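For reference, Swiss-Prot has these:
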type	residues	note
ACT_SITE	Asp292	active site, proton acceptor
BINDING	Ile170, Gly171, Lys172, Gly173, Ser174, Phe175, Gly176, Gln177, Val178, Lys193, Phe243, Glu244, Leu245, Leu246	ATP binding site
COMPBIAS	132-141	compositional bias 'Basic and acidic residues'
COMPBIAS	556-566	compositional bias 'Gly residues'
COMPBIAS	567-576	compositional bias 'Low complexity'
COMPBIAS	577-589	compositional bias 'Pro residues'
COMPBIAS	623-654	compositional bias 'Polar residues'
COMPBIAS	655-664	compositional bias 'Low complexity'
COMPBIAS	868-893	compositional bias 'Low complexity'
DOMAIN	164-484	domain 'Protein kinase'
REGION	1-46	region 'Disordered'
REGION	119-143	region 'Disordered'
REGION	552-592	region 'Disordered'
REGION	623-669	region 'Disordered'
REGION	863-895	region 'Disordered'
Amino acid sequence: MYRLEDTNSGGVMDKNKQKLSAYGSSGGSVDAAQGSGSGGGRQRHAPLYGRFVDAEDLPATHRDVMHHHSSPSSSSEVRAMQARIPNHFREPASGPLRKLSVDLIKTYKHINEVYYAKKKRRAQQTQGDDDSSNKKERKLYNDGYDDDNHDYIIKNGEKFLDRYEIDSLIGKGSFGQVVKAYDHEEQCHVAIKIIKNKKPFLNQAQIEVKLLEMMNRADAENKYYIVKLKRHFMWRNHLCLVFELLSYNLYDLLRNTNFRGVSLNLTRKFAQQLCTALLFLSTPELNIIHCDLKPENILLCNPKRSAIKIVDFGSSCQLGQRIYHYIQSRFYRSPEVLLGIQYDLAIDMWSLGCILVEMHTGEPLFSGCNEVDQMNKIVEVLGMPPKYLLDQAHKTRKFFDKIVADGSYVLKKNQNGRKYKPPGSRKLHDILGVETGGPGGRRLDEPGHSVSDYLKFKDLILRMLDFDPKTRVTPYYALQHNFFKRTADEATNTSGAGATANAGAGGSGSSGAGGSSGGGVGGGLGASNSSSGAVSSSSAAAPTAATAAATAAGSSGSGSSVGGGSSAAQQQQAMPLPLPLPLPLPPLAGPGGASDGQCHGLLMHSVAANAMNNFSALSLQSNAHPPPSLANSHHSTNSLGSLNHISPGSTGCHNNNSNSSNNNTRHSRLYGSNMVNMVGHHNSGSSNNHNSISYPHAMECDPPQMPPPPPNGHGRMRVPAIMQLQPNSYAPNSVPYYGNMSSSSVAAAAAAAAAAASHLMMTDSSVISASAAGGGQGGGNPGQNPVTPSAAAFLFPSQPAGTLYGTALGSLSDLPLPMPLPMSVPLQLPPSSSSSVSSGSASVGSGGVGVGVVGQRRHITGPAAQVGISQSVGSGSSGSATGASSSDASSSSPMVGVCVQQNPVVIH
């Protein structure tokens, strides 16, 4: 066997030798013919792996191929080889090099056209097959009504509930789709939000429905810029929410400006409406956090108007029911959410600050591509966050490194190569173009864009963009900022009969001349500032010249005369308060209304005094603290703090961190010189010493007050319940008042509180006044003319006006009244058979300062004086007096929120 293999292998080797010798001889002849002299017929070849080889060294197959090509056997092979050589060449313009370089776009366009043409032909050829094959698959998704993304398949012209005819698709999102539809019952177009047919989306949409229904009940008159939910229903396993149809959103508006931004005036109108909406959301009955405030979620009501509404509460929650940690769109995400600190309603204020800058500049203020980039861009503008915030945040190490030596923090080194400016070096001053004519200098010399306007805007934005949510400006304070201060030539209120936009609406034919800081109050509301205030009063008969002269110059007592019924003669006797009133009084609704001169002791001795104290300091610091809360102040023995909730919403916000009881005792007696001392004190810091409270810039407009709670009885809170108010509640809780109260004045106080509350919210007007009434302070014997039982003719109000900010107005029976209030000199009224209180709307303009309550007219017994209470602030020479004792003095004054027209101005 082995021998056979050797024999065979030897035979193969012999054959190879024969071939090799034949190849060598033929090679030698070729070389001889060519005269190459190859030396013994050996042929040299190109180096193989670095050395020259002979033909013998090549494998047999290589030698055969080489021999075949080196000696063509026939002319046919030669011709075939020649045919393969090109005799013409391609034009360079049409060559592949040009097509794939210079003409690359044209090449790909051609490729796309060819591809989609083939795809279309293929789809047309197999359409019937596809329809039949997809039917089974589509039935897997809600019987064919849904696509594979669990969205409802929209068909134009389809009717939901045989009522809503689908018009078109408006938009899509992670939640589902929004379609425009026609409501055949109400004959109007609506927007229907169709939620995905998935359990998580359905659950969140049900929370949205609950929150929207709460807000719509609290905003029955549709004044607080929240989208109106008409109804909701289930349709083929999809929850459908029917909304009013609005226009395009603020991002679309920016895009229409080519991202150059809108004017500062229009930005102000947007800001005012949004602050009012946030103030509404912050009421204790709601405490709703939007959690996704951005330009896309703010829609214009009309494309030619500035009225807006907030939409998309799909991510929203209430303060005590936070369920998400990853919230807010990145550009508008607050530092506490980025850092992982517990958040509250203040995150919406941060978003609002970012939105306002973007609306004016046209570009996002902080446009991070991820959270780390976002934090770096925030630090570029605002500097480093406070150390105490970073110490308590559990995501600090994601953004910052801690220096061991001193415990301070520095930004982490960037891993992606981006370079950032040093902390705080990209100034908001430069971004807004405060001194350079606005962003990019585009607003240079444009009216309403002065350096002063920009400085106010910048100051407001910096307060909104405070790192610490506890010191970030609240909506209530923001609305009182100087940025919203109206000028005499710009009116943004709309008012009906009996009220004007720029002049104070008088109550009953009263008029007064007031200075720019004016404290003039019509009809029984003593001026707090005799140097500039003017008081006018009219009785049932025409006032005499002496009365007019007396009221034009006099003020009542120590300047805290609030309420009705004070006569000109009494005001003439009082000592004027020698302190100026630099800012307008907060909205006070003084219904007036006792039967004799003792009526000035009905409620609070120091309402006007507190108002002056609270508003006389133009606080510029960001941590201006609100007034003390009832939770702390009602324990003071001499302050009667437990009655604070008689006048909710008067002058400020409650502060859950304050301890006011330790300083209230010094204000127990406020008449005479003590009141001057009280007004003279101001607190410029952030301590709990609340005998003096500093406020931010106050706008010359009444801040919006909240609507009454829903009539379900939940609003009647006793004092212990009031102590449970949530922290950072933005709306003012009450105005503290001080002094002692007699048993007779208790009934009078209850009566006046009832009257004030009954005027608090009128359904025929959108002017919302905080109810507060006060007693005039003057020098005299506090024992004359005690309150007659007829003062109790003002019965306690019914529940609809009984509460505000979670504070009971409807009952004084639960309130401890430790000491009697000292009565000052009674106010003598001209004799007559009856007295009527006619009230106008509180408005802001160019007269004195005063207060009005909208709507009702009450008859009381005793001496007659038609008491008109008006409010106007400004620098004009006279306040407008309208109404003339009419029961509908301001029955149709639809002020939309605060200082925003019902029919807003045209966008420019």
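Cβ atoms here come from the backbone N, Cα and C positions, even for glycine.
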Cβ-Cβ neighbours of Leu245 (ATP binding site) (radius 10 Å): 18
Whole-number Å value of the largest CA-CA distance among Ile170, Gly171, Lys172, Gly173, Ser174, Phe175, Gly176, Gln177, Val178, Lys193, Phe243, Glu244, Leu245, Leu246, listed as ATP-binding: 21
Distance [Cα-Cα, Å, rounded] between Asp292 (active site, proton acceptor) and Val178 (ATP binding site): 18
Other CB atoms, at most 10 A from the CB of Lys172 (ATP binding site): 14
Neighbourhood of Phe243 (ATP binding site) by C-beta distance under 8 A, where only residues 6 or more apart in the same chain count: Val190, Ala191, Ile192, Lys193, Val227, Lys228, Leu229, Lys230, Val311
Local backbone state of Ile170 (ATP binding site), from DSSP in three classes: strand
Average pLDDT across the domain 'Protein kinase' (164-484), rounded to a whole number: 96
Least buried by Cβ count (within 10 Å) of the recorded positions Gly176, Asp292: Asp292
Residues near Val178 (ATP binding site) in space but at least six apart in sequence (CB under 8 A): Leu169, Ile170, Gly171, Lys172, Ala191, Ile192, Lys193, Ile194
Other C-beta atoms that fall within 10 angstroms of the C-beta of Ile170 (ATP binding site): 14
Structural state of Phe243 (ATP binding site), classified by DSSP into three states: strand
